[in-house]
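> Provided herewith is a single structure, encoded as structure tokens, for subsequent inquiry.
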Amino acid sequence: MAGRLAVIGSGLMGSGIAQVAAQAGWQVTMRDLDESSLQRGVSAIRDSLGRFAAKGKITQEDADATVARITTTTELEAAADADVVVEAIFERIEVKHEVFRALDKICKPGVVLGTNTSAIPITQIAAVTERPEAVVGIHFFSPVPMMKLVELVRGYQTSDETLAAARNFAEEVGKTCVEVKRDVAGFVSNRLFSALLVEAIKLVESGVVSAADLDTVMKLGFGHTMGPLATLDMTGLDVMLNAAGNIYRDTADEKFFPPELLQRMVTAGDLGRKTGRGFYTYEAQK
Ligand code: NAI
């Protein structure tokens, strides 16, 4: 049954999470640091709903009702009446710690304290609260309104009740959940994808295959909708370098060691779509 959601952070992921929850009938409060970030978040939601309406997937009334269920605020205290909280702020442990310390004081007992972190161990975030059993990874994928998957990630002390409540929430907003039983670096999704990408880059680096042909192998040979290197250009090579580097540090497993070509491309500023060049070249970004 739809309840009250507080989303902390109204960027790419936070606005998407707010949107899918509001579409499912949840009352959503979206918090960011300033009005301009909040307005960008609301515009992104309106644009996305507009695209669904233009395709006839929802009516304009649905879109308007969805937006009407979202309120914005710069006050973290607005999370006081939430049943579920999902944090989607910058991927930096010190800012996440600050927010979770505050949420621990503000939120009602029994609330799910979710984090959308891509790579920070849930246990490390939970450790600054007095209720580590209530903290859980609720890892959505981008773009949130389109991607069906949520990884539910257990920290060392996450309780079964918290995991079940997080699952109910994610399923209510239309997602399919997988459970990651331990918060290992990269969880499951980024572990798998990093291993694939490191090998893909090595094959291109050593001249075995071109980037375009490697992507064709994965598309036509394995049914991927998008090739791994095109996906990497979309995510950002810097993000990948950071992710693979973290997994390598955590596991000491050579297969995650970032290839030299990736390091050189990042140093040169070829970060993918956002800079106009990565494994492919793109029209100048507006
Ligand atoms: P983003 O940079 O688009 O948005 C972050 C937002 O958080 C900004 O609007 C910023 O002003 C706000 N913020 C920072 N500190 C805050 C605070 N104390 N209180 C409230 N708002 C605050 O970042 P994005 O891409 O949405 O990522 C958010 C989280 O989701 C990160 O932990 C990231 O690792 C994770 N993630 C990102 C994915 C992606 O494809 N971008 C995919 C899955 C997870």
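Count begins at 1; order follows the chain as displayed.
Just so it is clear, glycine is given a Cβ too, placed from its N, Cα and C backbone atoms.
Feature list, courtesy of TrEMBL:
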BINDING   Ser48, Lys55, Ser118  CoA binding site
DOMAIN    5-182  domain '3-hydroxyacyl-CoA dehydrogenase NAD binding'
DOMAIN    186-282  domain '3-hydroxyacyl-CoA dehydrogenase C-terminal'
SITE      His139  site 'Important for catalytic activity'
> Consider the binding-site residues Ser48, Lys55, Ser118 and say which one has the Cα lying nearest the Cα of His139 (site 'Important for catalytic activity').
Ser118
> Is Ser118 (CoA binding site) helix, strand or coil when read with DSSP?
coil
> If you count CB neighbours within 10 Å, which one among the recorded positions Lys55, His139 has the smallest count?
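Comparing Cβ neighbour counts within 10 Å for the recorded positions Lys55, His139 gives Lys55.
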> Which residue counts does DSSP yield for the domain '3-hydroxyacyl-CoA dehydrogenase C-terminal' (186-282) in the helix, strand and coil classes, in that order?
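Taking the domain '3-hydroxyacyl-CoA dehydrogenase C-terminal' (186-282) as a whole: 67 helix, 3 strand, 27 coil.
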> What are the non-local neighbours of Ser118 (CoA binding site), defined as same-chain residues 6+ apart in sequence with CB under 8 A from its CB?
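Non-local contacts for Ser118 (CoA binding site): Glu91, His139, Phe187, Asn190, Ala243.
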> Once the chains shown are all counted, how many other Cβ atoms turn up within 10 Å of the Cβ of Ser48 (CoA binding site)?
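Other Cβ atoms within 10 Å of Ser48 (CoA binding site): 21.
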